[in-house]
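If you check TrEMBL, you get these features:
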type	residues	note
DOMAIN	6-280	domain 'UvrD-like helicase ATP-binding'
BINDING	Ala27, Pro28, Pro29, Gly30, Ser31, Gly32, Lys33, Thr34	ATP binding site
DOMAIN	281-589	domain 'UvrD-like helicase C-terminal'
REGION	766-790	region 'Disordered'
COMPBIAS	768-779	compositional bias 'Pro residues'
REGION	823-853	region 'Disordered'
REGION	902-974	region 'Disordered'
COMPBIAS	908-921	compositional bias 'Polar residues'
COMPBIAS	927-937	compositional bias 'Polar residues'
Amino acid sequence: MEAMLRGLNAAQRAAVTSKASVLQVLAPPGSGKTKTLTSRVAYLLAHEGYRPQNVICCTFTIKAAREMRERLRGLVGGDLESKLILGTFHSICRRYLVTYGHLIGIPNSFGIADSDDSLGIIKRLQKKLKFGMEPRVARNKISHRKARGQRLSDVLKATGKSVDAQEFAMIFEEYETALATSNLLDYDDLLLRCVELLRKYPQCVSNIEALLIDEFQDTNNVQFELMKLLATAQARITIVGDPDQSIYGFRSAEIENLTRMQEYYPGTVVINLEENYRSSSAVLNLAQDVIEQDEDRPNKRLKSTHCYGTLPVLRRLPNPHEEAAWLVSEVKRMTKMSGGCLEFADIAILLRSAFLSLLIEKALANAGIPYKMVGGRRFFDRVEVRLLLDYLRVISHPDNNSALLSIINTPTRKVGDGTVAELNRAAGSAKVSLWTAIQKVLKGEMGLEKKLSKPAEQGLGELVSLIKKGQEKLKTLEPAQAPGKLIELVASTLRFQDYLKRQYKEDWEDRWENVQELLLQARDVTLETLTAEDQLPEVEGAEQAKVAGAQEVLARFLANVALSTELEAEDENELKSRITISTIHSAKGLEWPVVFVPAVYEGSIPHSRAEDTSEERRLLYVAMTRAKALLYMTFPIAQSRSESESILTQFLPSNIEQNRLKDVGPAFNDQTVQDIATILGRAAPSQEALAQAVTSLSDNESQFDDIWPADGSPKGPFYEIETDMPSYYGGSAQSFVDAMKINTTFQQTSNFSTVAGFTTASHQMSIMPPPQEPTPQAPKPKLAKSSSGQGSLATFFSKGTFKEDQKENIPAPKLVGSSSSFFSAPAKPTQPSIPVELSSHRPGAGMFSKTNTTMKRPRPVLAETSNIEQGSNKRPYTCFSSSPTKEAFDGAEPTVKKLVNEEPPQPKYNTTMSTLQQSKSEPGYSSFRSGMLNTLSRPAPLSSMPGSVSTNGAMKKTLGVRRSMNGWADRKNK
């Protein structure tokens, strides 16, 4: 017994060994609930002596059921594990209906109508009845009624006098009639009819000694009733759930079921699991603060077993286009700067609504980053796979009208839509299935208003012949071979490969590969279904139905396909490292090292049509707790480039934002990467790998999340808007610079001169701030002036950067106060004042020259801001209007020099070049590609921009003075 308790913490051990008859285990995200539940099952078998065939384990997904089986196999062995009644609610109910359904009039040959079948039936009813309700709306309303335990009779009794109520009652009635005619049960019927069975014949479950249910917070009313009925004999129930993760209200899930259970079973014992084995403390603290806004939830805490880690990020971006571009940029930055610790497969993008993925998918595709969609089209829903499965469904269950309609003219048999409609009408009038009607028409036993054409009659005859041939073959096949052999029969008879070549010329080979994969799936699933796991033990007082071996195997195979939610074909050769894009709902139960949650604004989360704000909060909580090490949330200030500003989600109030979040992505320094590796249980990358990560960055990439301003304002003008990628040399960015025709000399945080257009002296004097006392500083020699009257940047540096015969030291310029005019220089021609060949501010010479070790004056620096972590090594980028083109940078590798970092406090964003911080001693940090040292500096606040002035915080209009580099001159082009 110690083996099954090994590795459990105190709370888990208490849950596993509890003597309580009714036990609730409240398990937050990452608390090891699956391990606890499987250990509980093993404990009941080994210590309490329960027989496995008398124990029911209910899960909500096939994946969870498989994981539980694998774990139990390791704990109790394959013999005991295979005898457990383990599966989803729907699969367990189907098992009981196949075995005992005849007691309430359900033949064991019934078929299952999946979502597509149900929708198809309602669409055909819409054409027939001409009702106005949208088919999907009608299907959802029917499902909601059934999930609350309502049958057709209940709906008819409660029908009001309104037109909508009368119309819905008619649709419901016709829908139920169509299912009965085809001998089909939909998903909700599986649960409802099983409740009916167990109420009338409780002896069917008289042997059950224990019932265990996973994800109990997602149960609906019918499933709650099933819980009570399945546990009638012994009332020994263990459930695992978390009210904070109840997010399926739209599927009629009832969070109140936890409370109802305690009321129904007064002796219920509740055990809380509080230790989290998934996420960092920083992520959990944020998630806890968010979920605790719900004052009605049970009071329980999350305790991380990991280090504190990195603060989650709330990143403001101008709009969704820039949001997608930033996300791509951050993905590239983290995968490079982590030194191989993180890869694409470690990253998930979780969306409140699927439509939000459009821009993100486009940005990822344009960047060449592979991704996959969770919750997309299943393997079994692919056209060619679905078609072959429908042939098998008709062979197994010929009265299935939906399946027969999908194959009746595919491949073409010259049976037109008019003929199909006439056959349907005749079947409806005679109250028989479509299959029966076709056979009678071909035999001449049933007439049609319009006689069948010879080609149509021949085509229908061939279809009937194929179906009957398959049914005869099914009688002689070994059970293990049935599904696979029938697929081969259908494919060869239809010449299916030739059909795919004709119909899908572009990708027929891929589709044929899917057919081959279907054959493999059929064989694999068949081997599973032949085990004893689907067999129910015999009980006194309830006769079991007897079914043929091969027929039952085929029925099980098709039922598994219909009930599957994530049973996908796995291609071993496909690219492994891909980003995952998923809705938050589909991500429940999953985890990733890095999680992005875009669009955290009012209207998205909480959704504009959401009726339950608390459930929307729980949805954000679920998204947050999928993250192991890094969590990002993005907030586009405008929902599109033209719309008004968005409002940050109410679930992230200012106190949470200030205490639990940072406004830019983390700097991937040694400590950050070490923490990530520790949380993920991976080896930390070496110093050499981290150094190599820095040097691997391209010209338009930064070590830091500093390309987009942290406050969500747009990037500077040197960044391309459409591609959202910096372009310092050439391209549209360079064209923009050339078009401005302005020569700029950046010298100081708040003072630079430009050669530009006209502004009046009187106006310039009127907007100048009052003079300020200059900061005392040591006298400095005056700087020699260039021909334009400006201080030359070349004079910042030593003689080694100029002509060899230049011996004198050029004195430093006399600094002008911050109130100096933006247009202090006289108008001059548009050519640069400093010839390119002498320019000292081009990489490879002057300021970045390896020989330049003496500086005549402190270089300008950027004031430290909260979005650059302390002690990090900032990677600089500088871009000047007179910078040479990219081809001019084929010189020696420059070396970054330590600068004097002394300057009065600066605005959060300014217009100078970024700080060049001290380089590391490792070789990988001592040499950089020259293009990597060029960046656009941060945009200045409006108060520091030319043409505006702040007086006690108020902004004055500029009345024509340019706010941007090209200013009002551009208005003539708009």
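Backbone N, Cα and C define each Cβ position, glycine as well.
Where TrEMBL records a feature, it is marked here on the structure.
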residue: Ala27; record: ATP binding site; Cβ contacts under 8 Å, 6 or more apart: Lys33, Thr36, Val240, Gly241, Asp242, Leu273
residue: Pro28; record: ATP binding site; Cβ contacts under 8 Å, 6 or more apart: Asp242, Asp244, Gln245, Leu273, Glu274, Asn276, Lys300, Leu302, Thr625
residue: Pro29; record: ATP binding site; Cβ contacts under 8 Å, 6 or more apart: Asp242, Gln245, Asn276, Arg278, Ser279, Ala287, Leu302, Val622, Thr625, Arg626
residue: Gly30; record: ATP binding site; Cβ contacts under 8 Å, 6 or more apart: Asn276, Tyr277, Arg278, Ser279, Glu591, Thr625
residue: Ser31; record: ATP binding site; Cβ contacts under 8 Å, 6 or more apart: Leu273, Glu274, Glu275, Asn276, Tyr277
residue: Gly32; record: ATP binding site; Cβ contacts under 8 Å, 6 or more apart: Leu8, Asn9, Gln12, Leu273, Glu275, Tyr277
residue: Thr34; record: ATP binding site; Cβ contacts under 8 Å, 6 or more apart: Ala64, Glu67, Met68, Arg71, Asp214
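Secondary structure at Ser31 (ATP binding site), taken from DSSP and collapsed to helix, strand or coil, is coil.
Taking all protein chains in view, 22 other C-beta atoms sit within 10 angstroms of the C-beta of Lys33 (ATP binding site). Those residues of the chain, other than Ala27, Pro28, Pro29, Gly30, Ser31, Gly32, Lys33, Thr34, with a C-beta within 8 angstroms of the mean position of the ATP site C-beta atoms are Thr36, Asp242, Leu273, Asn276, Tyr277, Arg278.
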